[in-house]
Amino acid sequence: MATKILTEHINVPGIETFDVYRKQGGYTAVEKALKTMTPEEVVEEVKKSGVRGRGGAGFPMGMKWSFLAKPEGVPRYLVCNADESEPGTFKDHYLMKTIPHLLIEGMIISSYALGANKSFIYVRGELMYVIHILEKAIEEAKAKGFLGKNILGTGYDLELVVQPGGGAYICGEETALLESLEGKRGNPRNKPPFPAVKGLYQSPTVVNNVESIATTSWIVNHGGEAYAAIGIGRSTGTKLISASGHINKPGVYEIELGVPVEDFIYADEWCGGIRPGHKLKAVVAGGSSVPILPANLILNLANGEKRLMSYESLSDGGFQTGTMLGSGGFIVMDETTCIVRNTWNFARFYHHESCGQCSPCREGTGWMEKVLHRIEHGHGHRQDIDLLVDVAKKIEGNTICPLGDAAAWPVASAIRHFRDEFEWHITNPQEATQPGAVYRGEMALV
Amino acid sequence: MTTESNNTIQFTPDRLEKAKEIIARYPEGKQKSALLPLLHLLQEQEGWTSPEGMDYIAQMLDIQPIEVYEVATFYTMYHINPVGKHVIEYCRTGPCCLMGGEDVYAHLKQRLGIDAGQTTVDGRFTLKEVECLAACGMGPVFQIREKYYMNLTNERVDEIIDELSK
Ligand SMILES: Cc1cc2nc3c(=O)[nH]c(=O)nc-3n(C[C@H](O)[C@H](O)[C@H](O)COP(=O)(O)O)c2cc1C
Ligand code: SF4
């Protein structure tokens with residue numbers, strides 16, 4: 001039986017309530033941390049665990065925590081990123097609505113470790129019903145003495161605030177999130193200064209993803225080394241994967257990092273295979289921002305070895321033949337999928353979500369959407385494919401925040417691996433624009 | 001409640017309580033942080049974020065009205081124009097489309113007789129296209145206020161519309 005760190009008790013009836021969560025061993029990590037450990041010791045365990053940020057960038061959490069500036073007399077803040085808006089990603093939504101106390105417990109431990117007395121959970125506004133669930137959980141925890149003044153008689157005070165967003169993907173970017181939390185438009189900030197030095201209200205701030213924060217209870221209970229023993233290499237622990245698309249069993253799965261991609265797609269324990277009568281064409285493995293890979297390259301590395309669900313294995317081969325684990329939004333496409341249409345759809349998303357501060361992103365995302373729209377709708381020119389590659393290249397690396405890169409990669413990778421399909425749209429517009437038409441040329445389906 | 005303004009809009013007593021509680025969440029002098037939550041509260045009461053309502057919030061937070069307008073227009077959830085009784089926010093993003101989201105959307109539009117951004121003549125439904133709602137495993141998806149409607153099919157859409165038309 002694979003180790004479950006976050007979802008072990010998720011199917012216990014009533015787990016959303018304090019009492020049931022507590023009966024399953026909940027809040028023992030808060031007791032242990034606050035009563036028997038110093039904040040530095042908690043940070044040390046998180047460092048030892050090797051857990052990497054689960055919001056997409058994969059930055060080691062313990063290291064991020066140790067960068068937090070600690071000037072005298074200035075408050076420090078922890079902000080949980082529950083903006084979850086990356087297409088294909090729905091794990092934080094699932095975790096918060098089913099087992100809200102896991103996040104609350106993690107918030108208490110993490111806030112204690114960082115010396116924060118007021119911490120925020122920024123939830124995308126569309127999830128207002130989840131906000132109500134979290135607020136209820138906070139009330140319960142407060143009533144039991146796990147939040148508020150002098151928690152468990154230890155002298156430590158903590159208040160949790162749940163903040164709704166207003167609908168904007170860019171507010172998942174941590175500095176845009178902080179701007180939004182200050183009541184402003186979600187325009188990402190120039191870095192440096194980094195949030196660890198000047199974050200919320202210009203005070204030192206740590207921003208972490210829901211899933212990252214939720215791991216801390218287990219780490220405190222079992223120790224960082226036990227966590228690091230799970231997984232593979234520098235991909236320690238477990239990861240929640242949001243599986244969607246043409247599979248038999250879409251849903252959120254907690255996997256030990258290092259599971260072969262092939263098993264994840266075909267085993268009954270996880271996705272349960274491609275829907276009956278169809279074949280695997282492509283996968284976007286880590287949320288819409290990461291490069292798309294064709295069937296053969298998602299299952300196997302360029303050297304023929306099996307590809308694994310880990311940070312290193314998914315990125316093996318760089319962007320030529322690899323991709324990224326990202327947020328774990330695993331979107332599976334069978335042979336009925338038109339890659340051009342999907343790429344246009346994603347390009348429209350990034351254009352819609354660009355905050356508009358940097359010209360390469362603001363103009364480039366709109367330009368890519370327009371060109372992809374005309375290819376998909378039978379009006380493409382022969383030069384359009386190279387034009388897209390060129391625009392994507394000019395956005396990448398030339399913007400304030402990584403949304404520019406996130407917009408460029410899906411387009412560049414789709415052309416890299418499915419160029420024939422784009423050409424077919426341009427040379428056979430009549431055929432390609434028939435309802436439901438999909439390129440059936442030479443390509444490896446599995 | 002005393003107020004010097006000519007605003008015709010005010011929060012109901014319980015929402016006013018709630019608003020005060022929200023403003024008190026933030027550190028001293030950082031009350032502007034309450035802006036997004038208060039705009040949600042306004043929309044919940046009025047159905048949209050009307051100019052009068054936004055001015056009322058500006059006054060409440062002691063900020064310039066423009067600071068409210070620029071925020072309300074940045075975020076997609078705030079309706080800066082009047083809307084119908086039920087606003088259907090339909091996900092148009094890739095993963096939902098893979099699950100047949102485009103066909104179901106076409107059916108919904110036909111059923112309502114309107115396009116994105118429009119309101120039915122009886123004022124009952126407004127249709128709005130939105131991006132990914134973080135429910136990709138249960139697509140196609142749309143949202144009405146706080147409720148998510150998932151695994152949509154043409155039949156399911158008809159049922160929902162019938163129900164809400166009663
Ligand atoms: C455009 C954009 C959107 C992002 N959206 C999210 C998000 O929804 N949730 C999240 O946790 N991180 C998101 N991130 C990453 C955050 O900026 C940040 O790295 C993360 O919250 C840090 O937490 P972690 O280290 O625990 O992963 C996004 C980044 C970018 C550039
Ligand atoms: S890259 Fe795009 S989203 Fe990011 S700051 Fe620049 S314009 Fe805004």
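Any Cβ shown, glycine's included, is placed from N, Cα and C.
Database features, via TrEMBL:
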- B:C91, B:C96, B:C132, B:C136: [2Fe-2S] cluster binding site (BINDING)
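According to DSSP, B:C91 ([2Fe-2S] cluster binding site) sits within a strand segment. B:C132 ([2Fe-2S] cluster binding site) falls outside any helix or strand according to DSSP and counts as coil. The highest number of surrounding Cβ atoms within 10 Å, among the binding-site residues B:C91, B:C96, B:C132, B:C136, is found at B:C136.
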